[in-house]
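Student: Below: one structure in structure tokens.
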Amino acid sequence: MSDNSKGFVPLKTLKHTLPLAGAYLLYMLVTMESVRGVNVPMYTTLRRTTVVFTMLVEYMLVGQRYSPSVIFSVGLIVFGAFVAGARDLSFDAHGYAIVFLSNITTAIYLATIARVGKTSGLNSFGLMWCNGVTCGPFLFIWTLVRGDVKMTINSPYLLSPGFIVVLLFSCILAFFLNYSIFLNTTLNSALAQTICGNLKDLFTIGFGWIIFGGLPFDFWNVVGQLLGFAGSGLYAYYKLIGR
């Protein structure tokens, strides 16, 4: 083993991943705020328009161009999102604006992963590690200022075995979720990750309707959801056949 492998990650590498850390912090803060403004099913519907912002950000950052087949599948996803949300009875302009801002930050975050991953020489785990080292101090200061650290220390469930087990599994799931996002984005593209994320929405929407409510059952909403899933499937098909 070389001497470099025994030391801390080079400062130059950390500096190279600073844009990723900034994009991640912005993405996380805005996304956490956006889910409060609308109900879960409609939040998921509006989040599907992230694909358009991702295409625009990738074009601006790396000059990525897409085939007509891919543009058609993305258009079908967005069209389905608007069909699904056209008759939403719980419309909130401020909530919708925050969700669209969240879409923009998500697109920037994913495009930054792809770009930094290709230029830094780090693999997916290395990117995650550098991102965690850089963001950790900022997040700790933020939670300290907001009083979250004090609230956690004073929580009566802090040492509860049930809470510790749930927290442990939550951390494990978060690790695999983030690793999957980094791996898929670096190996494929930011757009591929965005569209793959839409496939999980079938379960999110179903559980959102059953558990949280807030969105009346509507025929056009169901049609819009199906159009979105069809667009995701078409994108996957076109990528497999090289179109």
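Glycine too: its Cβ is placed from the backbone N, Cα and C atoms.
Checked TrEMBL, it gives:
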DOMAIN    11-235  domain 'Sugar phosphate transporter'
TRANSMEM  20-38  transmembrane segment
TRANSMEM  68-86  transmembrane segment
TRANSMEM  93-114  transmembrane segment
TRANSMEM  126-145  transmembrane segment
TRANSMEM  157-181  transmembrane segment
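Can you walk me through where each of these features ends up in the structure?
Tutor: The average per-residue pLDDT of the prediction over the domain 'Sugar phosphate transporter' (11-235) is 81, rounded to a whole number.
Only residues 6 or more beyond the boundaries of the transmembrane segment (126-145), in the same chain, are considered here, and those with a CB under 8 A from a CB of the stretch are 9, 13-14, 17-18, 20-21, 24-25, 113, 116-117, 120, 178-179, 182, 186.
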Student: If you count Cβ pairs under 8 Å, which stretch among 68-86, 93-114, 157-181 touches the transmembrane segment (20-38) the most?
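Tutor: If we count Cβ pairs closer than 8 Å to the transmembrane segment (20-38), 93-114 scores highest.
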Student: What else in the chain is close to the transmembrane segment (157-181), if you only count residues 6 or more beyond its ends and a Cβ gap under 8 Å?
Tutor: 110, 113, 124-125, 128, 193
Student: Any residues 6+ beyond the ends of the transmembrane segment (68-86) with a Cβ under 8 Å from its own?
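Tutor: Contacts of the transmembrane segment (68-86) (Cβ under 8 Å, skipping residues fewer than 6 from its ends): 42, 45-46, 48-49, 51-52, 55, 191, 195, 198, 220-232, 234-235, 238-239, 243.
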